[in-house]
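S.K.: One structure, as structure tokens, below. Some questions next.
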Amino acid sequence: MTAEHPAPFVARSASPGARRTGAVRPRAPRGEAAVYAPRRRPRPRPPRAPRLLARLRRAWDRPLTAYYVVMGTGLLITLLGLVMVFSASQIQALRHELPATFYFRKQLLAAVLGTVLLFIASRVPVRLLRALTYPFLACTVALLVLVQVPGVGVEVNGSTNWIAVGGSFQIQPSEFAKLALVLWGGDLLARKGEKRLLTQWRHLLIPLVPGALLVFGLVMVGGDMGTVMILTAIVFALLWLAGAPTRLFVGVLATAAVLGALFIATSPHRMDRLACLGATDPGPGDRCWQAVHGIYALASGGWFGSGLGASAEKWGELPEPHTDFIFAIAGEELGLAGTLSVLGLFAALGYAGIRVAGRTEDPFVRYAAGGVTAWLMVQTVINIGAVLGLLPIAGVPLPLFSYGGSALLPTMFAVGLLIAFARSDPAARAALATRGPGLKWKTKRRRARTPSGER
């Protein structure tokens, strides 16, 4: 622009700081119209709910999220289970003329041993784990056979599934059969997948299904149909992860349903449990007493419960308050808030297990993680569904929560495997490597002072 034709004056709006300090907007020269620059409108912020979901999604996509979720939820469920066992088992112990903390001390010992097993499982190499699957399965089958030997097996609540170890300690081999089937089935399918044999239905089913049927039969001889249901769910999960065709999957499912219906129809005790589904009255002979009082315990808890240790149903009204129906006692003492917290922990554990199985590139890790997740989640659904009156009572404990060392030890080992599998992810391994061993103190680096007179 020349002096004869000066550039038009553009006046900008004063900044917020200028308005606060009383600054005057510059005026345009005389005879010229002021041209003001348009004000920029602030961009609208997204609502808080989508922003929160986006943050949660980013946090969940981090490499170490599944690692910390599995570890945290597993330990929290175990600790909360110890508290509830302490509360729910005291009356049962006193009724059997035992010290009030008898069951709690045994569960605490099992939790300590289980923590050691969890640590070992989280550190064992996958190659060594796969090498031990067949010996572990053989030992489990031998124990299942030993249970049926007269004088060795111990009958509890109509089922012969226990072996007396010494004193008041007993082991239940059918609980270890779940872990053995997961590891053996995972290793078997991984080996067949490496040879590209899983596209043939014969290699997909044999020897997995015959071996599983052998374990099913040994467990059913003892009368434990609840454990057989969980073992069946493990086999279905392995077949699903192996890519079984839909028609083959439906055929196996239909066969299992027919066999299950046959076992139920031939047992009056199981028919009584099926008849108590959704019952609101104990019925003739009080055959639905346990199911009805489980509902009573949950209903009397309200929003926040009657308080820890203040359950009324555990005073002889509800059978097995510290084992199969400990969730009902938790609902009575901790209320809806407590039961929803327990459900949230199990849901987080299951979701993390699914993520571990879905993100790994190792076939064995995928099968084993999927089998463990199916085991824990199906057992949780069966137990809580029975307490809520939605499923027949199957006599299975709530994983990591109910009393029982034989159930707690293999379950904590399985959680340790999930931790190891989550850490074996390449991105998680790289993230852990950047942190280095141990804890790092977040302190500023101090520069070394140079002696006086030196530069």
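Heads up, residue numbers simply count up from 1 along the chain you see.
Each Cβ is built from the backbone N, Cα and C atoms, and glycine gets one as well.
As listed in TrEMBL for this protein:
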type     : residues : note
REGION   : 1-48     : region 'Disordered'
COMPBIAS : 38-48    : compositional bias 'Basic residues'
TRANSMEM : 66-87    : transmembrane segment
TRANSMEM : 108-126  : transmembrane segment
TRANSMEM : 132-154  : transmembrane segment
TRANSMEM : 225-241  : transmembrane segment
TRANSMEM : 248-265  : transmembrane segment
TRANSMEM : 325-352  : transmembrane segment
TRANSMEM : 364-394  : transmembrane segment
TRANSMEM : 400-422  : transmembrane segment
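Could you place the listed features in the three-dimensional structure?
M.R.: The list of residues near the transmembrane segment (132-154) in space but at least 6 beyond its ends in sequence, with Cβ under 8 angstroms from a Cβ of it, reads 160-164, 170-171, 173-174, 176-177, 179-181, 183-184, 186-187, 211, 214-215, 218-219, 221-222.
A Cβ distance under 8 Å defines the sequence-distant neighbours of the transmembrane segment (364-394), meaning residues of its chain 6+ beyond its ends; these are 126, 130, 178, 181-183, 185-187, 189-190, 225-226, 229-230, 233-234, 236-238, 240-242, 270, 273-274, 276-279, 290-291, 294-295, 298, 324-325, 327-328, 331, 343, 346, 349-350, 353-354, 356-358, 402, 411, 414-415, 417-418, 421, 424.
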S.K.: Would you kindly list the residues that approach the transmembrane segment (325-352) from elsewhere in its chain, counting only those six or more residues past its ends and only Cβ-Cβ distances under 8 Å?
M.R.: 65-66, 69-70, 73-74, 76-77, 80-81, 84-85, 87-88, 290, 293-295, 297-298, 300-314, 318-319, 373, 376-377, 380, 383-384, 387, 397-399, 401-403, 415, 418, 422
S.K.: Under 8 Å between C-beta atoms and at least six residues away from its ends: which parts of the chain pack against the transmembrane segment (400-422)?
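M.R.: Distant contacts of the transmembrane segment (400-422): 66-67, 70-71, 74, 77-78, 80-81, 84-85, 88-89, 103, 106-107, 109-111, 113-115, 117-124, 126, 129, 162, 169-172, 175-176, 178-179, 182, 322-324, 326-327, 342, 349, 352-353, 356-357, 360, 365, 368-369, 372-373, 375-376, 383, 428.
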S.K.: Same chain only, please: residues at least 6 beyond the ends of the transmembrane segment (248-265) with a C-beta under 8 Å from a C-beta of the stretch. Say none if there are none.
M.R.: 201, 204-205, 209, 220, 225, 229, 232, 235-236, 239-240, 271, 274
S.K.: Given a Cβ distance threshold of under 8 angstroms, which distant residues of the chain, six or more beyond its ends, lie next to the transmembrane segment (66-87)?
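M.R.: The answer is 101, 103-104, 107-108, 111, 114, 118, 308-309, 311, 314, 322, 326, 329-330, 333, 342, 345-346, 348-349, 351-353, 355-356, 359, 398-403, 408, 412, 415, 418-419, 422-423, 425, 428.
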